[in-house]
Amino acid sequence: MAKSPSLASQETVETTTEFGKDKKPDEEIEMEIRDMFMLHLDINSSLSSSTTNSKYKDQFVLRDGNKKQIIKQPLWIRQVSQDEKGKTNGNSTRPLFTPDKMNFILVWNSKTEVGKSSESFERRRVFESNLEKEGLLLEYEEPEANGLNFVKVFAPQNVLKRYAEILKLRLPMRKFEHISEIRVDEVKIPIFSDVVSGLQSGLHKFAEPFKYDENKFKTRVNELTATFSRDKEYLFDVDADFFTPSMRSRIIEFILKRKRLTEDVDDEFAFGIDKCLADGIYIAAYPLHDGSLKREEGMRYKLFSEWASFSKIFKLQPLDAVRDYFGVKIALYFAWLGFYTTLLIPPAIMGLLVFLYGVASMGRDIPSQDICTMSDIRICPACDHFCDYWSLDETCLHSKIMYLFDNETTVFFAIFMSFWAALFLEFWKRYSSEIAHRWDVTGYRPEEEHPRPEYLAQLRNVKERTVNFVTQTTEPRVPFWKMRFPGIVLSVSTVLLMVLMGLVAVIGVIVYRMSMGAALNAFHEETIKGHASLFISVTGATINLICILIFNQIYGYVAVWLTDLELNRTQTEFDDSLSLKIYLLQFVNYYASIFYIAFFKGKFVGYPGGYNRFLGHRQEECSPGGCFMELCLQMAIIFVGKQFLLSVVEYHLPRIWKIFNTIKVISGLQKEDQTRYPQWVQDFRLVEFGQQGLFYEYLEMVIQYGFITIFVSAFPLAPLFALVNNVFELRLDAKKLLVHHRRPVAQRVKDIGIWLQIMESLGKISVVTNGFIIAFTSEFIPKMAYRIGYSPDGTLHGYTNFTLSVFDPEDFEFRSNPALARNDSMTHTPEFCRYTDFRYPPGHSKEYRINEIYWHILAARLAFVVVFQNFVALSLMAIKWVVPNMSTELKERIRREAYLTNEIIIRTELLKAKGELDLNMEYEDGNEEQSPEESIRSNGRLLRRRSTRRHETGDVTDGQIVV
């Protein structure tokens, strides 16, 4: 901190005393007052910005019994105006705001055109003056050489109390001795209490190794809470830690969003920090992190070492500490992610068992063994002209790999996952209701939102006005046909265009697969031809993944632009519209190719003598045994590849932006100034988390949830890969927030919002898709039909031959004739070739038409879908009925706590009325609404401060303190 010699030379310390013999040196008295002031500022001081006519203006009064000492206001708390240069501590004195008490930082740049303009200076002056009138304390740092100006904002206790009442915050109540007979530590349910206690005891013992170090975090006791009221302050346990850091930042942001930037009353929308940031008046506004990552006593370090560390991946999360540090919204995301990750353990184990069963029983699988030995069966060419006849045994490896995932246990796994998806959501609702009650957000309703600055900027030329019914302020009336309707039409049409672009990309990959298939089959090398299908599947899925990642970036920018055109009034409306838009686009982007392979590929190809063509080309065909393996490969590459690449980008992108911000900070500084930064500068180097920060975290996980529910029957190992990813993802997200991002402003929410509705929709879709995948993509139904109706011995012997129809090469179309692919290894055209279908053989009266076996199997497929969906749907309805959203125990606890709260209030008011209540207050708090005095009690002495008036010269502004 730079010194201010000019100020130091102007200030002297003058004392008058009535202590007599106990007179102390001036320096000792000033130091004593400073220490007292610093020690108790956070508890008792309000430092009101109101003025007074007291004769003690610019003085402090120290009282001790009948003794009085008048001390002229020392330099270290002298008030100055924003116009005064060098607002620094001076003479190496301590700042008024210690790092752990600075709640918010405002930053502006005096070297930018906007920052140094007279209009911006005036708006900052008015804005900061209004903040001080509201009771906030501001401290100005001396400008850096690079033009960065930092304003430190602190909310005294009286301001926090006032806004806690306005925001209806629920806060812990005091414990009174006279009602100690009312037990609040434990609430038992009248029925099943013993059983519940036994189960909880067993679970606690099991969870003991997974608990975090509770010695580093405050143990949350079972406290009663009530909506805070200053009139009933004696009911609450008010102390230095009464307001958590997240509450402090939330209250300050609430004030920042509502203070005006101009004294022009006609400019109704010139208010709020969002408007300041949008206009460049400030370039950043953020709460301060709790010290550096090396300060062991700070909560940031504790969370970093006990929560964000990869060495703690098997430990439970200290969610209460996360809530206190980041607020409910972010803590609820981590609670959901942790709950989701924990509940992935059962499906991960089941999917692994399905895979291991396939490995163990592969040698007993009759169809794959038959394929590996049927070298004499020739399969019809896979493409026109350049493809040759090939032997069935060339797909031996393909059939064995497919069996690992498509075996007898797959259908049971699909049923299990349908139940799991429903149970997961129902249990989450119960768990979230517990969390909402624990964090006092049950029934929370957000306050009325003001219009977005961007929205007002778009309507700056609109003359027609309307009155907002809630806020009673006039707002621009949006012309529907002239502005809103064109924006909506353009938004919808562009989204449809983006969807078509995604489908075109899928078609492009299909064309690549068909072209590559023809090219590889033109080679005479048997090794290449034998692995052509596997190579095409892998490369096609990889290209599709690259297209997906590229389109995702395009979709993000386009979605923001389109949402701006829709003229959403509030930030919540904007966020909901953007969330739905991006999710729909990414839904198509990620799942389109998988839907194609699962439900369309190989279903409409026709037969060798009459292929159905697309753009003049034959459609892709599935290999003998179906497309299940290709579906599995597509799922694995997109799902696993997406998780890996996004994790790498997600972690390293903030690091890049952090380096960029660091360059901005150190540019223009002397080398010796770059060695050590104060905390507010270190935090400025970090990346802004942003309003949409959690959106992309939720989006990534919900896309993953779609993979493990909609298509899980095609890739049973998906839950296992999701579990492994999420174990590290949770700690990675925590580390990003603590290391690479500025501290987000705490926000209150009661649930995870629209994402729960999306997951419920995915759960319903998954029942349909898994039923159709098992019925139409896997070989489960044809194998069952063969065993029951066509197998001579009830086994799968002869099943492969059963699924292959016969074709006479003489009946080929001219453009499908494989004569151009003939080589020396084939001396003659085979008498017959085989293809996968159920059709009559050549020479039959219904030659090449679909036979009755096809219709029998189709009926069995449809019957399975109907039975599967109805069975699962009825079961899910039963689950929802059996598992209510809120447990009976919680309902009883809420009722009990409401009763206890009322009982405490009634008894306390009665004792207060009788004058028998001993409040045992450890502090004395002034009331700024009644008097400008605020009190600080220390060791039996009372320090009083009176607000200073603004000097006529304009050199001093109330509430601005330089230290």
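Heads up, the Cβ atoms here are built off N, Cα and C, so glycines get one too.
The feature compositional bias 'Polar residues' is assigned by TrEMBL to 1-18.
Annotation comment: TrEMBL describes 101-319 as domain 'Anoctamin dimerisation'.
Among the features that TrEMBL reports, domain 'Anoctamin transmembrane' is placed at 322-897.
If you look up TrEMBL, you'll see 1-26 marked as region 'Disordered'.
Look at TrEMBL and you will find 333-360 (among others) tagged as transmembrane segment.
Residues 336, 339-340, 343, 346-347, 350-351, 354, 708-709, 712-713, 716, 719, 756, 759-760, 762-763, 766-767, 770-771, 773-774, 778, 780, 868, 871-872, 875-876, 879-880, 883, 885 of the same chain, all 6+ positions outside the transmembrane segment (410-428), place their C-beta atoms under 8 angstroms from a C-beta of that stretch. Residues annotated as transmembrane segment in TrEMBL: 410-428 (among others).
If you look at the transmembrane segment (487-512), the same-chain residues 6 or more away from its ends with a CB under 8 A from one of its CBs are 540, 543-544, 547, 551, 554-555, 558, 562-563, 565-567, 581, 584-585, 588-589, 592-593, 596, 617, 620. The transmembrane segment annotation in TrEMBL covers 487-512 (among others).
Using a Cβ-Cβ cut-off under 8 Å and counting only residues 6 or more beyond its ends in the same chain, the transmembrane segment (532-562) has close neighbours at 395, 397-398, 490-491, 494-495, 498, 501-502, 505-506, 508-509, 512-513, 516-517, 520-521, 578, 581-582, 585-586, 589-590, 593, 623, 629-630, 633-634, 637-638, 641-642, 645. The annotation transmembrane segment is assigned in TrEMBL to 532-562 (among others).
Look at TrEMBL and you will find 582-600 (among others) tagged as transmembrane segment.
For 702-728 (among others), the entry in TrEMBL reads transmembrane segment.
Taken from TrEMBL, the feature transmembrane segment covers 858-883 (among others).
Among residues of the same chain six or more beyond the transmembrane segment (333-360), those with a C-beta under 8 A of the stretch's C-beta atoms are 316-317, 319, 322, 403-405, 407-410, 413, 416-417, 420, 424, 427-428, 431-432, 435, 694, 697-698, 701, 705, 708, 712, 716-720, 722-723, 726-727, 729-730, 733-734, 752.
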